[in-house]
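As recorded in Swiss-Prot:
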type     : residues : note
COMPBIAS : 30-43    : compositional bias 'Low complexity'
MOD_RES  : Ser51    : phosphoserine
CROSSLNK : Lys78    : SUMO2 cross-link
CROSSLNK : Lys78    : SUMO1 cross-link
CROSSLNK : Lys82    : SUMO2 cross-link
COMPBIAS : 90-101   : compositional bias 'Basic and acidic residues'
MOD_RES  : Ser115   : phosphoserine
MOD_RES  : Ser139   : phosphoserine
MOD_RES  : Ser165   : phosphoserine
MOD_RES  : Ser179   : phosphoserine
MOD_RES  : Ser181   : phosphoserine
MOD_RES  : Ser185   : phosphoserine
COMPBIAS : 186-250  : compositional bias 'Basic and acidic residues'
MOD_RES  : Ser191   : phosphoserine
MOD_RES  : Ser243   : phosphoserine
MOD_RES  : Ser245   : phosphoserine
MOD_RES  : Ser275   : phosphoserine
MOD_RES  : Ser347   : phosphoserine
Amino acid sequence: MLVIPPGLSEEEEALQKKFNKLKKKKKALLALKKQSSSSTASQGGVKRSLSEQPVVDTATATEQAKQLVKSGAISAIKAETKNSGFKRSRTLEGKLKDPEKGPVPTFQPFQRSVSADDDLQESSRRPQRKSLYESFVSSSDRLRELGPDGEEAEGPGAGDGPPRSFDWGYEERGGARSSASPPRSRSRDRSRERNRDRDRDRDRERDRERDRDRDRDRERDRDRDRDRDRDRERDREGPFRRSDSFPERRAPRKGNTLYVYGEDMTPTLLRGAFSPFGNIIDLSMDPPRNCAFVTYEKMESADQAVAELNGTQVESVQLKVSIARKQPMLDAATGKSVWGSLAVQNSPKGCHRDKRTQIVYSDDVYKENLVDGF
């Protein structure tokens with residue numbers, strides 16, 4: 001079972017109010033329509049009455065008018081006597097008749113009536129415009145022109161005529177047109193603008209120079225970075241690359257000492273690999289750096305060893321062979337100096353082999369002593 005509430009809900013009440021408003025509006029519209037229809041009907045009746053009258057010609061109308069004038073029913077229209085000449089406005093005629101009186105108040109449709117008090121209020125509200133003299137001449141120039149007592153300083157031309165007024169345009173004096181000369185402040189403003197333009201140009205030039213200097217510094221930094229990267233690459237590739245860098249510019253090295261680079265090298269491996277090319281005077285190794293120095297008796301044998309062994313693999317060891325940058329004792333190696341040969345033999349990079357003979361004890365001696373003791 002549906003339960004219907006006794007009262008109306010809020011929505012129903014709102015709808016009922018709207019319906020009542022619409023009813024009122026409909027009644028008002030019907031009343032307006034009736035009024036408009038009655039007015040149109042009255043206008044139509046007037047038009048019909050006018051149209052029903054017979055059409056009269058101008059000649060018959062004039063004759064009827066003359067008869068009426070003769071009978072005295074209509075008074076004749078008197079023609080005004082007008083002076084021949086140009087037409088004048090009524091306001092001007094009123095001014096000529098009564099010059100003491102002000103202008104005759106006439107109705108002007110496009111101008112609202114304004115009283116004198118309203119004019120004063122509006123003039124006080126409006127921002128007063130500066131005169132041409134005030135707009136072109138600054139306050140400092142005016143103070144210079146005024147004297148110590150606030151009066152105009154007497155100078156050449158002061159008091160000779162009316163005060164100076166900067167009236168732009170053309171003035172008719174004695175039939176000739178003369179334009180007023182521009183004030184001094186214009187020339188000052190122009191000079192100031194020129195100075196400002198010069199300062200701006202100087203600032204722009206300075207900014208351009210700074211930008212150029214920055215670009216140069218950046219180029220230098222880039223060149224330095226490139227050089228550093230090249231040096232790092234050479235260091236990574238090893239001393240062989242560093243020793244043989246720029247082969248076109250430098251003359252080929254000469255010497256009898258070779259620089260050998262390779263991992264896990266041993267003296268026996270080096271002697272076996274380099275002895276077939278000539279007599280080896282000295283062989284020194286630097287295990288932490290994985291390099292060794294081999295000195296031949298002759299330079300020809302060193303050149304032959306570089307040509308044959310550079311980049312080859314001996315007993316699973318990759319060898320890089322080149323002429324050493326430092327050739328410490330060329331004369332000693334070639335045998336021209338006695339003292340040089342001794343220095344090479346006893347140098348820190350020379351031969352480190354111990355010349356003493358190694359004493360080897362057999363196990364039988366210890367066994368015999370043990371047997372005799374017990």
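Here the Cβ of each residue, glycine as well, is placed from N, Cα and C on the backbone.
Shown here: features listed in Swiss-Prot, placed on the structure.
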| residue | record | Cβ within 10 Å |
| --- | --- | --- |
| Ser185 | phosphoserine | 15 |
| Ser191 | phosphoserine | 10 |
| Ser275 | phosphoserine | 15 |
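Between the CA atoms of Ser275 (phosphoserine) and Ser191 (phosphoserine) there is a gap of 94 Å, rounded to the nearest whole number.
Ser185 (phosphoserine) sits 10 Å from Ser191 (phosphoserine), taking the C-alpha atoms as the reference points. In the three-state DSSP assignment, the secondary structure recorded for Ser275 (phosphoserine) is helix.
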